[in-house]
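Now, the feature entries from TrEMBL:
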- 56-135: domain 'GHMP kinase N-terminal' (DOMAIN)
- 83, 84, 85, 86, 87, 88, 89, 90, 91, 92, 93: ATP binding site (BINDING)
- 199-275: domain 'GHMP kinase C-terminal' (DOMAIN)
Ligand code: HSE
């Protein structure tokens, strides 16, 4: 049997929602999984990842184990335009693709909530895998090792300008620079903004988007990993973007506007100043992972 899966990119945290907010975006990873007589064959990624350590494969195996199923061998082909280690959910796409494909091989033996629960365990936090599975804007959290989520809508005309530097930031490193404690005062600051920001994205209230998207939990510590952060923020403001935040743990910075002209002009200016960077105007998608039997 051969299964094709399509998983959207995701942007987690959205500034003020560290480890709990995430949105699905219209850049995709497409992968096929085919049962073969024996062994493991992987193509479509760097040679260094074509082995049993591959995250697509490990997630596929984790799902088989969860379902108590076996395959003789598997051939995986990957076709992704989501850059790795840039804060656009590339590891979540590997995990969600692997689990979904395994489930689809056994007549969708896992429902989406089981896929989510296992994916969140493998990823270690639920904020990327939730929108990768369910689409749109997801608020998620873990309780006693299990993942829960609730989905918000997202105003259709939001333009996400993904400013993708030509260097990686590893999530592991970006988590190490964070403090281990936060004051009660800052927690109150953060909670109000996080809840307001999610609703503001849903209804398109850019006044609240602008006011609420000022993070105190992670961006002030992580921006040291992205030397151009302050310059980019100033440029986004100058070109009229409503806000700019780190996408996931970086290195991507995400500017947000409902004005198409603003998005185009900002992208054009960034292209001039950072010709080696990848600049994309993305939009939210309501579709999470999709699978089909080929
Ligand atoms: N919430 C995670 C973090 C996302 O910020 O570390 C990583 O992509």
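One is the number of the first residue shown, and numbering goes on along the chain from there.
Keep in mind that glycine also has a Cβ here, set from the backbone N, Cα and C atoms.
Here the features listed in TrEMBL are placed on the structure.
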{"residue": "83", "record": "ATP binding site", "Cβ within 10 Å": "20"}
{"residue": "85", "record": "ATP binding site", "Cβ within 10 Å": "20"}
{"residue": "87", "record": "ATP binding site", "Cβ within 10 Å": "30"}
{"residue": "89", "record": "ATP binding site", "Cβ within 10 Å": "31"}
{"residue": "91", "record": "ATP binding site", "Cβ within 10 Å": "21"}
{"residue": "93", "record": "ATP binding site", "Cβ within 10 Å": "31"}
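With helix defined as DSSP H, G or I and strand as E or B, the domain 'GHMP kinase N-terminal' (56-135) counts 46 helix, 8 strand, 26 coil. Each residue in the domain 'GHMP kinase C-terminal' (199-275) has a pLDDT score, and their mean in this model is 97. Other residues of the same chain near the ATP site, with their Cβ within 8 Å of the Cβ centroid of 83, 84, 85, 86, 87, 88, 89, 90, 91, 92, 93, are 9, 82, 248.
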